Amino acid sequence: MSAELSQSPSSSPLFSLSGADIDRAAKRIAPVVTPTPLQPSDRLSAITGATVYLKREDLQTVRSYKLRGAYNLLVQLSDEELAAGVVCSSAGNHAQGFAYACRCLGVHGRVYVPAKTPKQKRDRIRYHGGEFIDLIVGGSTYDLAAAAALEDVERTGATLVPPFDDLRTIAGQGTIAVEVLGQLEDEPDLVVVPVGGGGCIAGITTYLAERTTNTAVLGVEPAGAAAMMAALAAGEPVTLDHVDQFVDGAAVNRAGTLTYAALAAAGDMVSLTTVDEGAVCTAMLDLYQNEGIIAEPAGALSVAGLLEADIEPGSTVVCLISGGNNDVSRYGEVLERSLVHLGLKHYFLVDFPQEPGALRRFLDDVLGPNDDITLFEYVKRNNRETGEALVGIELGSAADLDGLLARMRATDIHVEALEPGSPAYRYLL
């Protein structure tokens, strides 16, 4: 898959970053940032017919690429600015990168997090920042935490370190492309990048636009948080009414102003696609089971997008594994969403007659030899002729669904399928 270069992103009046700026950023952050491997993937190469490499930013010092941008911004501040303090608002990878950068520079920083931030993430922020970080709960939601950080900056004169919408942050993230070109013998045909606020894809696109002749960039957003796609469609950043938070590392409700300008100016060099959260979960599990890679949801976005894209056989493709800060307690939900996405898991409301043998009849008449009940919730009602049960069924193959539904229609027991997206279904996931 390839595309002809259009104009360079640096030609936008709003976006004045160049490849040379990113080269300088690479030298600036070199003492702190770990060059990450570019790992061939035999599995993905066999599936796509391309030569696929995985850029392993999950092996970065803080297990994500965010350190690059945070350090590149902080190291350019004056002594006076550093003395006034630095602030960020984040509950995820940006906060960890910021905290580690503060410790490396010996700079005191404050991180504002929402109250719902899991203890594991708070502990990782404190671990990376040590004595140089104050962790402050800034409200019940991320927006309130961000507002508290802004109030801090206005009150104290500290410097705000944004997660994506700053040229210094974008330049730092763009150093990934510097490494990729140095690790490959020839330039890639396609680089696949996860997209949240857009800092990473803006930096990578800027560098590739000036340093390659025919490399295309594919940005992958979660279907439930496609802020950049909405911005490009509207001709400016827009605020999404609702954002699905499952792919939390890419769940933003508004793309950055600078990052949008970079992609808008890149023209046909960049294309965007979306993948649903179930596809992301399947990609996460496949990466773990086949390559031994523990990717967070946003870290698996590029692979999920690759598998749904039209890839030119024989091309050279780089997929960015952007992070590996995943909470192991989420894997139950990851597996569940993956099974639903693959058509292997289904839920039904079954109206059982309140009589002996009804459940046995359902098992004998409806379930196939490879079907397995994974959920059964039923409360007997003595004053009713029937009682509803919530039943989850896992199939041996997605092709078995038609037979299961046919047997359900043939039985005298009333069965109603729960449709994905319905309120009851969302309760289960």
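Note: Cβ is positioned from N, Cα and C throughout, glycine not excepted.
Matching Ser302, Ser315, Ser322 to the pyridoxal 5'-phosphate binding residues that Swiss-Prot gives (Asn93, Gly196, Gly197, Gly198, Gly199, Cys200) identifies Ser322. For Gly198 (pyridoxal 5'-phosphate binding site), the Cβ neighbour count at a 10 Å cut-off comes to 31, with all displayed protein chains included. A Cα-Cα distance of 9 Å separates Ser322 (pyridoxal 5'-phosphate binding site) from Lys66 (N6-(pyridoxal phosphate)lysine). Taking the centroid of the Cβ atoms of Asn93, Gly196, Gly197, Gly198, Gly199, Cys200, Ser322 as the pyridoxal 5'-phosphate site, the other same-chain residues with Cβ within 8 Å of it are Lys66, Pro163, Phe164, Gln173, Pro194, Val195, Ile201, Gly249, Ala250, Ala298. Per-residue pLDDT, averaged over the domain 'ACT-like' (346-420), rounds to 88.
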